[in-house]
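Trainee: Sharing a structure, written as structure tokens. Questions coming.
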Amino acid sequence: MTASAVPAPTPTSTGEMSRIRGLKTRRNAELGLLVFAMLLVAAFGATVEANQFDEIRPGFWLPAALIGTLFLGLHMVVRFTAPYADPVLLPAVALINGIGVAFLRRLDIARAIAQETPEPGLFADTSGRQLAWTLLSLVLASVLLLVLRDHKIISRYAYTLGLVGIVLMMIPAVLPEDYSEVNGAKIWIKFGAFSIQPGEFAKLALVSFFAYYLVRKREVLSLASHRFLGIDFPRGRDLGPVLTVWLFSLLVLVFEKDLGTALLYFGLFVVTLYVATERSSWLIIGLLLFFGGVYVAYLLGAAIGGPFANFYDRAELWLDPFSQENYTRESGNSYQLVQGLLGLGTGGLFGTGPGAGSPGKVPEVRTDFIFAGLGEEIGLFGLSAILIIYLLIVERGLHAALAVRDSFGKLVAGGLAFTLGLQLFVILGGITGLIPLTGQTTPFLSAGGSSLMANWLLIAMLLRISDAARRPANTPAERAGGPKKAPTQLHGAMTEVIKP
Amino acid sequence: MPEFVLTVARFGFLILLWIFVFTVVGVIRRDLFAGGRTKSIVASPRGVGGAVLQGRPAKAKRGKAARQLVVTAGNLAGTRITLGEAMITIGRAEDSTLVITDDFASARHARLVPREGQWFVEDLGSTNGTYLDRGKVSGPTPVPLGVPIRIGRTSLELRP
């Protein structure tokens, strides 16, 4: 196996042999964890069958085996194209994706039983479609890993990607509502029965662009500052880009009627800025700007309505979901939010057990509210485990950012990992009533192709960067004229230095 | 299906889920400390052959250990730092052990780490690189006595 292929030090070698970590590829650990994850998915399926059909049928392991085969395919691709990649990322994401598909299948089965139709086949209904999306996502991720052998190549297309990101982000805002609005949020492009959320892909492009821009400007942004109240504040003219992005995300908030997306883009930029400059003042400025802007939007919504009305309504529902008025309103009531909260409450500490609850009562339980539905069945205990797995995925992303040697890779990995965490915060905060609810997808869990594809691409990028981070500085393959290393100072060379 | 089986399945799944979490944490842990066990983890400086690498433990004997870090060229020429057990960070950042005001140095440029009586220099992703004698440092590299470490216009040396 390639996993144990440690480059043995030869007496004639004189160059830098290796770095401290990363001698081992750990691919076998990844394989083991992947098998474990698929066992968990099979166990979930078995419990569902026990609760729904009152028997565990001999074919209960088929869905898990099927999706496991797909992940195994990606594992093989990683083995050959990114042998030093982080061993934890793939299995952890595979577990969440697998549980998502299994839970969707459980919902399909329950619906079929309720409607007294025959049990849906493996490839039918929502779970079947999700399985197909998973296959497509894994193919995309493999292609990315195969084509992109060095993450620094992306920086060459940074401005193109920035433009693509902005265009993708703007399309739903300018399209007529018939083609872009679902449940009051204009974040879709719909053609016929098919619809995609371009914003999911836009964030990947924007992270790459922000990273490139900030690598070039980091010195200016972090050195030129004046001190006020013990915090280093940047100069006025350096605030330009931040203010632009802030304005942009507020426009998104108003025209796409989606607080979550706005928070996602703005948070992404501010955090990348913070990572690039190591100045906490950016975080403070960003938070103040965002909450100020949101509060003003809320006041405007109360006073003049118009484009701000949707956000005002959502904030009202968030403030008091259980009030009679909010619950029984004609349109845009808090029924969904309340059902989700009741579902989580029913689950309690240990949940009703997979397949034993009634998550079908929550509207949109397949997409936005999948966490509430899952929470009813696996309880706080299970949900915390899932959350910790998410946390570990984000942590591995940040770890790759810390360990990788070029600043562009650092910013991309940090930005991507943070986006994943922030998106999770936005949707879970919405479901649990911590922040106003906005329709974000739960990464890897909820039904939906765009989200799944975009997030698997994100994981493929993290795998690529973590491979670069853990790879020994000078492997024998490279010495023998393998892939050439790009000059390490490619992106640092253009920084402008200003003395404080 | 008997109630007992359902209960076992329900809790069994949760327990398995947590075992998975701890297995993942275990893998991460092993990954973090993987480097600490092996002996030949560090590179020999460029131009120094493997034979010297094998002779390294002898070189790091007591009496010949580095006691001082001396700045031999640059703005801070003449500065001396007495070496202890702690790591030395070098860079423009104010919290560095050795703050150098050099236009060609990064905020966190390089660090010197002691291990078993031997000091290792390690570049911290600096823009312009760290050089040990003539070779560029790309991993933790042992620093022999009297060999200059170059950071921008600044030169440093270990002295007994």
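We number each residue from 1, going along the chain as drawn.
Cβ atoms here come from the backbone N, Cα and C positions, even for glycine.
Grabbed the feature section from TrEMBL, which reads as follows:
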TRANSMEM  A:29-48  transmembrane segment
TRANSMEM  A:60-81  transmembrane segment
TRANSMEM  A:88-107  transmembrane segment
TRANSMEM  A:127-148  transmembrane segment
TRANSMEM  A:157-175  transmembrane segment
TRANSMEM  A:187-215  transmembrane segment
TRANSMEM  A:236-253  transmembrane segment
TRANSMEM  A:259-276  transmembrane segment
TRANSMEM  A:283-304  transmembrane segment
TRANSMEM  A:369-394  transmembrane segment
TRANSMEM  A:415-438  transmembrane segment
TRANSMEM  A:444-463  transmembrane segment
REGION    A:473-500  region 'Disordered'
Trainee: Where else in the chain does the transmembrane segment (A:444-463) make close Cβ contacts, counting only residues six or more beyond its ends and a cut-off under 8 Å?
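Mentor: Cβ under 8 Å, 6 or more out: 78, 82, 85-86, 89-90, 93, 96-97, 99-100, 103-104, 126, 129-130, 133-134, 136-138, 140-142, 144-145, 151, 196-198, 200-201, 203-204, 366-368, 370-371, 374, 393, 396-397, 400, 412-413, 416-417, 419-420.
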Trainee: In the same chain, which residue numbers or ranges, 6 or more beyond the ends of the transmembrane segment (A:88-107), come under 8 angstroms Cβ to Cβ?
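Mentor: Beyond its ends, the transmembrane segment (A:88-107) has Cβ neighbours at 30, 33-34, 36-38, 40-41, 44-45, 48, 52, 63-64, 67-68, 71, 74-75, 78, 120, 125-127, 130-131, 134, 354-355, 359-360, 365-366, 370, 373-374, 377, 386, 389-390, 392-393, 396-397, 443-447, 452, 456, 459, 462-463, 466.
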Trainee: Select the range from A:29-48, A:127-148, A:187-215, A:283-304 that forms the most Cβ-Cβ pairs under 8 Å with the transmembrane segment (A:259-276).
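Mentor: Looking at each of A:29-48, A:127-148, A:187-215, A:283-304 in turn, the most contacts to the transmembrane segment (A:259-276) are made by A:187-215.
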Trainee: Which residues, given as numbers and ranges, are at least 6 beyond the ends of the transmembrane segment (A:29-48) yet have a Cβ under 8 Å from it?
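Mentor: Same-chain contacts beyond the flanks: 3, 56, 60-61, 63-65, 67-68, 71-72, 75, 78, 87-88, 90-92, 94-95, 98-99, 101-103, 105-106, 109, 353-355.
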